[in-house]
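Data first, discussion second: the structure below is written as structure tokens.
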């Protein structure tokens, strides 16, 4: 995004001008943000410290938690600051940085979720070879590939964005620096970059969704062959948390990036963006902790150790 001499800052409109709604919105976002960060940090700490959680699945969960903390940190704190101070101005450079990291963390998360589905496929369909296939080196390589794939997808449209000119309007109808709202205000032609942004989003969505669907197709076929109901329940329970998180993530993003946005739907899209930025990460934390027996057991063991040390 090349800076025009007249534009060095942007104004973020946010979600509402109503003071009472802003107070409620601030409290809601602050609470959900703190719960999300606390939940993610708890998961990261448990997977690092508990020896029972030193498996590939929890290694990926640790990385997913880091990604979600990073993603929410790119936009929610800045929005909370804007609500509390009334300062809606963001500099050009800060906007570019926010856009880059939000896209990077968001796209990487999609690829990581696809990788986690492959991990579940190997664990259920090839249990005897699980630790050999999903070795520590392989897991680290797969995570690095997720980051590299995300970079390759976001850099082409972002590099084109540096050539955009902003003449008269610097008002972004959003609470953060998001690609589609930004592309509505340049005075130069944005048709090519808009197509690239949509193509990048669709490409990410389709590639990762195909991986997820294929993995779970084989998983379901394998589980249905298990002789006992108990075995089937146990196998499904190891996938339930991941399936729930995938459903929330993909379902919310379909609305914004796949469905065409009309002018009257802008406010709805902003609301969905808030859900993705704050509520989804918080829910994911509870899903992985409350529905996972090993994580719950590790959490209880950690509390017992802390209580025992405090009594000394």
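Cβ coordinates are placed from backbone N, Cα and C, and glycine is handled just like the others.
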Exercise. Per Swiss-Prot, does residue 14 fall on the same side of the membrane as residue 119?
Worked result: no
For this session: Quick one: sort out which of 177-197, 198-218 is the transmembrane segment according to Swiss-Prot.
Result: 198-218
For this session: Taking the Cβ of residue 95 (disulfide bond) as the reference point, list residues of the same chain whose Cβ is under 8 angstroms away and which are at least six residues distant in sequence.
Result: 10, 172, 177, 182
Exercise. Of the residues in the topological domain 'Extracellular' (165-197), how many are helix, strand and coil by DSSP?
Worked result: 11 helix, 2 strand, 20 coil
Seminar exercise, completed: Same-chain residues at least 6 beyond the ends of the topological domain 'Cytoplasmic' (293-312) with CB under 8 Å of its CB atoms are 42-43, 45-46, 49-50, 52-53, 58, 237
Exercise. Using DSSP, how many residues of the topological domain 'Extracellular' (77-95) fall into helix, strand and coil, respectively?
Worked result: 13 helix, 3 strand, 3 coil
Seminar exercise, completed: Using DSSP three-state counts, the residues of the topological domain 'Cytoplasmic' (219-239) come to 17 helix, 0 strand, 4 coil
Exercise. Taking contact to mean three or more C-beta pairs under 8 angstroms, with sequence separation of 6 or more, is the transmembrane segment (144-164) in contact with the transmembrane segment (198-218)?
Worked result: yes
